[in-house]
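The next block holds one structure in the form of structure tokens; read it before the comments.
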Amino acid sequence: MARPMRLLALALAAPLVLAACSTENSGGGTDSAAGGAATSDGDLDFAVVTHGSAGDAFWDVVQNGAEAAGEDLGVGVDYQSDGDPQRQSQLIEAAVNQDVDGIVVSMANPDALQDSITAAVDAGIPVVTINSGADRSAEFGAIGHVGQDETIAGIGAGQRLAADGAQNVLCVVHEAGNIGLEQRCAGASQGLGTDVRLLQVDINDLQSAQSTITSQLQSDDSIDAVLTLNSAVAPIAASAASDAGADVEIATFDLNGDVISAIQDGTVAFAVDQQQFEQGYLPIVMLQLYAENLNTVGGGQPVLTGPGIVDPSNVDAIADLAAEGTR
Amino acid sequence: MTQDVPADAPPRVDERIAAVSWWRRLLVKPELGSLIGAVAVFAFFAAQSQVFRSLSGVANWLDVASTLGIMAVAVALLMIGGHFDLSAGVMTGTTALTVGIVAVELGQNIWVAIAVAGVLALAVGFVNGWLVTRTGLPSFIITLGTFLMLQGLNLGLTKLFTGTVQVRGLADAPGYHSAELLLASTITVFGQPFRVAVLWWVLVTVVASWVLLRTRFGNWVFATGGDEVASRNVGVPARRTTIALFMTTAGAAWLVGSITAVRLTSVQANTGTGQELIYIVAAVIGGCLLTGGFGSAIGAALGALIFGMTQQGIVYLNWDADWFYFFLGAMLLLAVLTNRLVRRYAEATRR
């Protein structure tokens, strides 16, 4: 019994030692906190709070954009994210408590964030919204919005497909009921000048998605282009086309490594890129302009980051940038 | 049977009752480890961040701890009773979505929606408990089944009713303001608004602690979790106790789901998924044994507090939040090791 007793004492003592360490640190900690408060007039500190889950490749690029802007402009940028709207709103409240000089928020769920965003605005902290939620941004009191308009991006894709000579386009929706995806397909119809055909698949089951696209192509050989709305679906559509022996053009929304190499080897014609690096970078610039010169950007209208088209003409240059995490 | 005891003889002490010193009794309290942990975590972050120890900071991390704490306390009761509920996390989503769908899509008063969600949650809790007691299968398997089914229902029904993956517009439902007052308002103390969910958390903890330590049902919970067969042999209604515990977890999920729905006024179909493990972590940090029969409600509430303080403390120190789960895991291991030693010590003391 003696040994467990000693271990027990150790286990119980460990947190106390930890507390003791922190007391030692407290001198320095308080200094830096006081220093932060004193210099807040000169040095700007911005918080970025998104709904991206940790390790999501798309949001990593946004984070890189925000941090690059922080370095370039010499301002502090703290990036936090949580996919749960309640947690996201609590992170916004934490940023308000820290009395930051500006907050950047992605608005996938505007209703859930309304309270915390208006609280930030009421506390005199300028807010820039990014990614989605453009239509609610001004209503909540944000000074601007940076994102991609899904309809306009869809129009861009449709126009490009039309220029490539496509007439019967299959638009592959990978998430039932996602309003943004419907807008992309509707925009593509508008840009193409004729209605695209919708095909419903499930992003969580790519194998059956491939079979579904294959059977669709087999049953209708008038289809001459497939537009996917997610970078993970594009390579699947390319394999489906070769399975079906169909000669169709493949185009997609959003980039990843697979899509870049597919554009390089010609299996995918182009990708509509929303350049989310800008959704991290530009709001920091906007907040700095506002803090130092009371400038706003966009005049209540969203600042669009897309569509940018990636095709064989620029894919090689972009491949290097993607490897650096900025595209 | 009566014996004449000489008046001057020393008082007879039953030889089966060993004298236990006060600090030994303190050491075997399940919540001691989490109390020390909570103090240490608070001291650590408070020393380094002025905002963390400010009133607004306290309100912020109490908010994070509150809804988690309500669930952790209920899950702790269930764990003391010897079972797990993996459907507890997704159930908060199910109840929140039910509130949203009934209020917005079916146009009912929000209190009707909350009542419907409550009936539904208790029914699922009953089915969980009933299946566990009837089949004798591990609750892990049974509730994994309900977890997956509820996850599918959440997504499927939400899309069916709304056409998207969110229910929105709860703020316009009739009765919203009274519901907001009770579930999602703030109470200002010393000029700082605190979320009313914190009060619910305290209430749930106090009630759970009282039930556990001062009522017959509480004894049944400890007995069922300690040794179900033995407890049944001495007349404990183990089945009823188990079913009641599952319904308690479901009831807590109903409270948290309603708070979430009313507060956010929009609910995502994936709400709560994955949270069940966090509840179990909080309960374990709070001194609950995975084998049942030992633990406390206050400990679980402290576990949730540690969780909330760590989660927001990392933000206040501007640390990279990617490391949060590392700290959480380290704390879990430390708590489990401490608990193990405490249990051995407690058993040694009993002998």
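Here the Cβ of each residue, glycine as well, is placed from N, Cα and C on the backbone.
Features of the protein shown, as given by TrEMBL:
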- B:32-49: transmembrane segment (TRANSMEM)
- B:61-80: transmembrane segment (TRANSMEM)
- B:111-131: transmembrane segment (TRANSMEM)
- B:137-157: transmembrane segment (TRANSMEM)
- B:194-213: transmembrane segment (TRANSMEM)
- B:243-265: transmembrane segment (TRANSMEM)
- B:277-303: transmembrane segment (TRANSMEM)
- B:323-342: transmembrane segment (TRANSMEM)
Query raised in the report: Residues of the same chain, at least six outside the transmembrane segment (B:323-342), with any C-beta under 8 angstroms of its C-beta?
Result: 27-28, 30, 32-34, 37, 281, 284-289, 303, 306-307, 310-311, 314
Query - the transmembrane segment (B:61-80) and the transmembrane segment (B:277-303) contact flag, 3+ Cβ pairs under 8 angstroms - result: yes
Query raised in the report: What stretch of B:32-49, B:137-157, B:194-213, B:243-265, B:277-303 shows the most Cβ pairs under 8 Å to the transmembrane segment (B:111-131)?
Result: B:243-265
Query raised in the report: What else in the chain is close to the transmembrane segment (B:137-157), if you only count residues 6 or more beyond its ends and a Cβ gap under 8 Å?
Result: 83-91, 93-94, 97, 101, 124, 127-128, 131, 165, 269-271, 273, 276
Report task. May I ask for the residues of the chain that lie six or more residues beyond the transmembrane segment (B:243-265) and have a Cβ under 8 Å from a Cβ within it? Result -> 67, 70-71, 73-75, 77-78, 81, 83, 85, 88, 91-100, 110, 114, 117-118, 121-122, 124-126, 128-130, 132-133, 168-171, 176, 179-180, 183-184, 197, 200, 204, 217, 221, 271-272
